[in-house]
Amino acid sequence: MNVTSLFSFTSPAVKRLLGWKQGDEEEKWAEKAVDALVKKLKKKKGAMEELERALSCPGQPSNCVTIPRSLDGRLQVSHRKGLPHVIYCRVWRWPDLQSHHELKALECCEFPFGSKQKDVCINPYHYKRVDSPVLPPVLVPRNSEFNAKLSMLPRFRNPLHQTEPPMPQNATFPDSFPQQPANALPFTPNSPTNSYPSSPNSGTGSTATFPHSPSSSDPGSPFQMPETPPPAYMPPEEPMTQDCPQPMDTNLLAPNLPLEISNRTDVHPVAYQEPKHWCSIVYYELNNRVGEAFLASSTSVLVDGFTDPSNNRNRFCLGLLSNVNRNSTIENTRRHIGKGVHLYYVGGEVYAECLSDSSIFVQSRNCNYHHGFHPTTVCKIPSRCSLKIFNNQEFAELLAQSVNHGFEAVYELTKMCTIRMSFVKGWGAKYHRQDVTSTPCWIEIHLHGPLQWLDKVLTQMGSPHNPISSVS
């Protein structure tokens, strides 16, 4: 269908607004989204004119263009629902936009989505895309002056060995994660002392940052992603500053070093570089690996229990995988995986959203560190909930600290770069399964960027003072 025939049944106002549409795909979906918006804006005097002014003069100041907030915050387009500001930012600015986590409201916006007011601003130029943070290089000393007697390893590692429970502790989202407003009072989780260097929110306070729904893509959109669940909690929007870094690219990943660092001869800077595949995912049944590793090149990945004959590179379909040793428990569990989990990587952060009707269970040391939980804690994510499971910036800070404490301290961080996740069945102190290898269906996620960064840092550090082994 060409553009002329497509527009033959559209109103002049919709035609005009579609003239500013970005991207070439899903013309019909964009038309329906704009048509739904026009019907709402016609009820407000001057709203259409203000939107056209914003779209035609993107560099000029413009007023909020609002529509009423629905009960669940979502807008239905083509029988599916999405968050309104995401839908129209996708239509008019960023066709590849996947989630509301990628957007921040500008200071000039009076009705940002996150403010929970009765009206929502959908002016695409009142939002800015979240940029991946530029991670500072790790400075590795060229000459080792490390004194083993002054090692922090006893504090860094021994607590893990001394307080390691017979099986992992458990936490449930959102019950175990206090949902506090921004600038809330500090909290101390009821879990054993973290074995990592003091976490940012262990005794210093934390704000829950897990909205009920991270995704706002849907099968009616250009991305063929699932329907957006309603957001149950979102922190207030933080004002955007005008000096944010531009979207991450390979040039920004190795930024120009300050003169005082570049002139130093006693350190070797090791910069973070974004890999071609941000993660690999391996599927297991009990303690048996099944199938080949899935390499994630897209920032948005679905891991589900279905089959996909089209071999979509954004989907890892576990239903395709066969295993001659599969028992009835595994078969039954696989039937309940359903829509599975949505993993996505944005702004240097990894999120997991449970799309399955059954809960998923996640063991992420980075997430546990952030919340002050014991490193091996297993977090339950119920259906239609999401959780941030890795933060590049916090990992960078830990790595920079650990370099000064020796090879072993840096090597210990490799455990943080692997995330384990089980479907339907959990494990840990509250379950009869003690280990993830006892769960019927689970995946292991390897984060390539952090792992490769660690490898480069360890290479610069040379050999360890104590041999690294499987029991070290």
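Note: Cβ is positioned from N, Cα and C throughout, glycine not excepted.
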Using only what Swiss-Prot says about Zn(2+) binding by Cys64, Cys121, His126, identify which of Cys57, Cys109 is listed for that site too.
Cys109
Just to be sure I understand the packing, how many Cβ atoms besides its own are within 10 Å of the Cβ of His126 (Zn(2+) binding site)?
25
Candidate with the highest Cβ count within 10 Å, taken from the binding-site residues Cys64, Cys121:
Cys121
Number of helical, extended and coil residues in the domain 'MH1' (12-136), per DSSP:
50 helix, 19 strand, 56 coil
Sequence gap of 6 or more, C-beta under 8 Å: which same-chain residues meet both conditions with respect to Cys109 (Zn(2+) binding site)?
Cys64, Cys121, Asn123, His126, Tyr127
Looking only at the domain 'MH1' (12-136), what is the mean pLDDT?
85
